[in-house]
Amino acid sequence: MAADQEELRYLSGLGNSFSSEAVAGSLPVGQNSPLVCPLGLYAEQLSGTSFTTPRASNLRTWLYRIKPSVTHEPFHPLQDKGPRLVGEFDRATTVATPTQLRWRPAEVPLDPPLDFIDGLYTVCGAGSSFLRHGYAIHMYAANKSMDGCALCNADGDFLIVPQQGRLFITTECGKMLVSPGEIVVIPQGFRFAVDLPDGPSRGYVSEIFGSHFQLPDLGPIGANGLASPRDFLSPTAWFEQAHRPGYTIVHKYGGELFAATQDFSPFNVVAWHGNYVPYKYDLSRFCPFNTVLFDHGDPSVNTVLTAPTDKPGVALLDFVIFPPRWLVAENTFRPPYYHRNCMSEFMGLIHGIYEAKADGFLPGGASLHSCMTPHGPDTKTYEATINRGDAANEPWRLSGTLAFMFESSLIPRVCRWALDSPCRDLDYYQCWIGLKSHFSSHDNGATAREPAAGADQKD
């Protein structure tokens, strides 16, 4: 498939109700399911929430297709695909460990041929896809496009973060080209295929069970800032009508893969309307907020998308980024502070150097700091920062970097193959061992924040 982005058109806005037709007049007017649809199409609804979910959060889309998706042979388990995918995180499938973990980037193999499905593997997660509560964090390394097959995830939403190589994604709503520095969300139930226009590709995937991603509330920030709804882009209708004998639908169900064959492409949707759609987002459009006087802000201020739980302010999964931005806080340790967190944090690096890790955390790599496990800047970063002297108060633009975090209130269990991976950095703990005591009982608050010159003072 051609992957020329100039040929693609998108619909702007997150949470909007859209209408799109590849052939004029193919959308019914005034009703969803007429006796006979225009152009002889079939009407099919895809529901992302229950029928009785409150209207403000109800998600569904009507698809008008040449043949309905039910026209396929029975599903059969796939024995040769998906052996490293997990949907149930328990003692039988995964391991609990509080140890700080880090992985070097995995090279994309040139052989054997691996498409997106073949190259997808679980690193960690929590909960259960069957019980509709939890999440999984995967990584992928692929060297070929999907050919004659499409993937449908019945377990949850995929949030895909490409780190190397663009993804040209065909969905039932249309096509999207997704580059490193962008993300794409494929909601539960959509069939999609991934082509690799640049050759080998790798990246990260988060998956959420029983919830959907949404924009975080802005609170005192106000009406604007962080990720703007208008910068999220959804595809426009596109279809193919070709006869495709033996076309395979790979169905991810309970963390396992099943396959069914049919004689046509699943991308035969001529028109659609609704608010349940795939979408992508360019992370360079994120409007970050930061402290402008002193102290280091909490990372929650960099939340792009969140999947909430029933408890206010507590996320099933947050997607947080650490983009280029100005650092201007005075007399402040500007890198992230040392921390123990009731949340668990999986981090990845798209490009550049992460501000809290001078060495070892590489683009395409990952780290995991679980619930209440200590973490923070490595020795080199700490020492370099406190020894900057007067330069530490100068405004500094952090540039050439883009890191992200999947953060969850649920404690992750880790897959055995991730713990045994040759990419695991077994010496990760050493980056903190060199931290030495700077304590002096004769230091009478020399590092306390002092009023700026000329500031009003009172006795």
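Each residue, glycine too, has its Cβ placed from N, Cα and C.
What TrEMBL records for 9-283 is domain 'Homogentisate 1,2-dioxygenase N-terminal'.
The domain 'Homogentisate 1,2-dioxygenase C-terminal' annotation in TrEMBL covers 284-439.
Per TrEMBL, the feature active site, proton acceptor maps to H296.
Residues or ranges marked as Fe cation binding site by TrEMBL: H339, E345, H375. Around the Cβ of H375 (Fe cation binding site), the same chain contributes Q100, Y338, H339, R340, E345, H369, each under 8 angstroms and 6 or more positions distant in sequence.
Annotation for Y354 (homogentisate binding site): same-chain Cβ neighbours under 8 Å, separated by at least 6 residues, are F322, M347, F361, T401, A403. As annotated by TrEMBL, homogentisate binding site applies to Y354, H375.
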CB-centroid shell, 8 A cutoff, Fe cation site H339, E345, H375, site residues removed: P336, R340, N341, H369, T373, P374, G376
Sparsest-packed among the recorded positions, when each Cβ's other Cβ atoms within 10 Å are tallied, from H296, E345: H296
